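Enquirer: Per TrEMBL, the features are:
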- 574-594: compositional bias 'Basic and acidic residues' (COMPBIAS)
- 638-648: compositional bias 'Polar residues' (COMPBIAS)
- 521-744: domain 'STAS' (DOMAIN)
- 574-648: region 'Disordered' (REGION)
- 174-196: transmembrane segment (TRANSMEM)
- 246-270: transmembrane segment (TRANSMEM)
- 282-305: transmembrane segment (TRANSMEM)
- 339-359: transmembrane segment (TRANSMEM)
- 431-448: transmembrane segment (TRANSMEM)
- 469-497: transmembrane segment (TRANSMEM)
Amino acid sequence: MDRYMEREVLDEQRLEEVTQRKTHSDTHPSLTETLKDSLRCTAPKLKRSVLSCLPVLYWLPKYSIWDYGMPDLISGISVGIMHLPQGTKTLMSHSYPQYKNKSQILSQSFLIPLIYFFFGTSRHISIGTFTVLSIMVGGVTERLAPDTDFLITNGTNNTAEVDITARDLYRVQVAAATTVLGGLIQVVLGLVKFGFVGTYLSEPMVRAYTTAAAAHAVVAQLKHIFGVSPGRSSGAFSLVYTLRDVCLLLPHTHLPTLCVSAVSMVFLISAKELNSFLSPRLPVPIPMELITIVAGTLISTYTYLNRNFTISVVGEIPNGLSYPSVPDTSIFKKVIGDAFALAMVGYAISISLGKTFALKHGYNVDSNQELVALGLSNAVGGFFQCFSVCSSMSRSLIQETTGGKTQMAGVASALIVLVTILKLGPLFQELPTAVLAVIVLVNLKGMFKQYSDIVTLWKRSKIDLVVWLVTWVSTMLLNLDLGLAASIIFALMTVIFRTQMPTYSVLGNVPGTELYVDMETHREAREIPGVTIFRSSATVYFANADLYLEALKEKSGLDISKMIIYKKRQEAKQRRREKRAERREKRQAKKEVEPPSGAQVFSVEEEQGRAERENGTYLKGGEPDSTSLGWMSELQDGDTTTLGSSSEDTLSRDLERVSLGSLGKWTWDIHSIIIDLSTANFIDTVAIKTMKNIFQDFSKIDVDVYLAGCQSCVVEQLELGDFFSESVTKRHLFASVHDAALYCLDHRGQHPTCPKHCFLNFDKKM
């Protein structure tokens with residue numbers, strides 16, 4: 001059943017009276033009141049604060065051991081075993097040859113997952129060592145503790161030698177101080193809600209970034225697959241250099257290592273396919289990665305692969321944990337820039353992976369809490385001589401693909417590391433590194449499926465496709481840190497570009513409704529006679545204010561500068577016409593009083609007819625050309641005493657027709673312009689000045705301008721920007737386009753051939 005509601009036309013002033021709009025002070029409390037409110041502790045508020053700071057208290061009471069226990073345990077064991085060689089190999093080979101005690105390195109594989117368990121919000125990422133951060137911290141230690149600062153003189157032969165013990169000790173202090181400071185920066189940024197930067201990581205960019213990161217992981221594993229030793233590269237184009245070195249070393253491939261890799265890959269791929277086929281019939285997935293690790297360790301141990309075939313193995317895994325110590329705070333001022341860079345890169349990598357898994361499994365990741373969790377992991381870990389950490393691509397994929405459901409898998413992996421470094425370390429010393437490399441490669445298969453995004457985005461959005469490709473190329477060539485920065489900058493540039501080049505449209509009314517749609521894309525939309533309704537698809541701000549004004553002039557069809565000149569000419573002509581009429585009246589009165597001797601006296605009607613016949617000599621041909629227009633200009637400026645008033649009116653109308661024709665319009669039928677600002681969520685000072693200019697310019701040609709659909713925040717910004725004045729009041733703002741259109745028709749009238757009811761209803765259908 002149709003329902004109708006009648007209401008008055010509401011402008012902004014009347015709307016504020018009806019709705020009792022609050023003042024600025026009511027909606028924006030002072031800093032003192034905000035602090036008092038934040039300190040005012042209530043039970044619900046305290047509960048929300050605790051749950052937001054410790055997410056584990058939210059999901060742990062709901063944890064189902066029956067549903068999640070076994071998958072998390074299997075996933076945790078697989079990831080925990082991966083922690084052992086990756087933590088040692090990454091740090092020892094890339095940045096930290098000074099760490100002779102590997103227990104310091106492995107301690108972070110135990111501590112960090114436990115800290116993230118309490119404070120993190122992602123269910124699938126594995127926090128620990130990561131190659132990019134290891135290289136960055138290694139660069140800091142080498143810069144602040146170069147070999148030249150630790151030279152000592154050998155008393156035997158008077159040669160300079162490096163004091164390796166002192167150098168390594170200071171490098172440990174530099175790395176720990178950098179890690180603690182970076183963690184503190186992350187915690188502070190998380191507390192001040194800086195995690196909003198994670199919103200700039202769009203889904204196409206995140207998927208492209210993780211796809212490129214997977215390619216980096218593949219290239220990093222090639223040396224273990226083929227048993228070669230390429231040179232170590234870092235920075236831009238490091239992937240290209242590493243791939244080049246691996247290709248050059250292919251003739252020197254270690255065949256026993258390649259055989260182990262091939263057998264492990266065939267076994268693992270076949271087993272995972274079988275697992276996928278049988279998964280509907282199994283209560284829990286079969287831990288194929290764990291089986292592969294155990295089988296590889298047993299075969300290597302009993303066939304002496306390392307001794308007989310020189311196949312690289314994990315090697316010695318030390319026992320015991322390191323003791324905590326306070327870092328040297330005097331180093332903070334030297335590494336604050338590096339610590340900030342580490343904080344940003346680590347957070348960006350972690351939130352990228354976290355959002356990828358969250359989108360896949362349908363849950364949310366709190367970007368601010370992730371900053372806090374990562375910061376606490378780094379800050380606390382730094383006291384145990386741990387180093388900057390973030391989520392690892394390879395371990396996170398293994399945690400997800402092996403069936404991990406929650407961060408209980410992280411606890412299981414931490415316990416595996418703890419038990420291993422205390423008691424079980426020697427059992428995995430003979431595990432071939434090629435087996436671990438194969439596990440990483442096989443689990444990256446899901447990431448490479450994301451290349452299908454190119455086809456999907458080609459059909460859906462070309463701009464998102466460009467973002468995807470630029471992100472992938474920049475990450476591949478510039479490495480993960482620089483590539484991420486370049487990707488974010490490019491993505492923001494696309495946003496700016498789209499706001500600078502929005503869609504401008506003129507709206508028409510849908511007959512019988514209060515709806516207004518683009519007339520170019522809707523056939524049934526009807527133009528409101530005398531009213532132009534203009535809308536932009538983007539908000540108006542400094543970057544597109546000039547383009548906005550030009551688009552308004554183009555869409556309305558009114559060239560303001562030319563029309564102002566035309567209006568001035570019309571006013572001048574009107575003044576001259578009045579003077580000529582006055583002179584004619586005086587002359588006529590004089591003739592009636594005293595006619596000249598021998599002169600032929602004409603009546604008023606005869607004089608008017610004679611003037612019309614003379615005027616017809618140049619109006620007979622239809623529209624005047626440039627020659628006749630020039631003649632008329634001379635006639636207008638010269639002596640025209642012989643022309644009657646009717647002739648003057650005809651000449652004026654013809655001049656008006658020619659002047660408007662030069663502007664591209666033969667009729668000046670616009671009396672009102674409505675600017676739809678419903679798409680604007682803010683308006684800056686430059687846009688406010690542009691709006692002022694629009695009102696002033698169009699008022700000079702007697703065209704009224706009105707704003708419609710302004711949000712409360714926009715109205716407030718207009719007030720603060722001194723937009724309103726005696727000539728432009730809140731009566732020029734309307735709650736909707738429909739209200740503004742009704743007001744225009746009541747205020748300035750409508751086209752005589754189209755009554756109001758033919759396209760607008762005063763009664764609004766609800």
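Quick reminder: no glycine exception, Cβ is built from N, Cα and C everywhere.
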Enquirer: When each of 246-270, 431-448, 469-497 is checked against the transmembrane segment (282-305) for Cβ pairs under 8 Å, which one has the most?
Expert: 431-448
Enquirer: Let me spell it out: take the transmembrane segment (469-497), skip the flanking residues so only those 6+ beyond its ends count, and list any with a Cβ under 8 Å from a Cβ in it.
Expert: 132, 136, 200-202, 204-205, 208-209, 211-213, 215-216, 234-240, 341, 345, 348-349, 352, 454, 463, 543
Enquirer: When DSSP states are grouped into helix, strand and coil, how many residues of the compositional bias 'Basic and acidic residues' (574-594) land in each?
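Expert: Summed by class, the stretch gives 20 helix, 0 strand, 1 coil.
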Enquirer: Looking only at the domain 'STAS' (521-744), what is the mean pLDDT?
Expert: 71
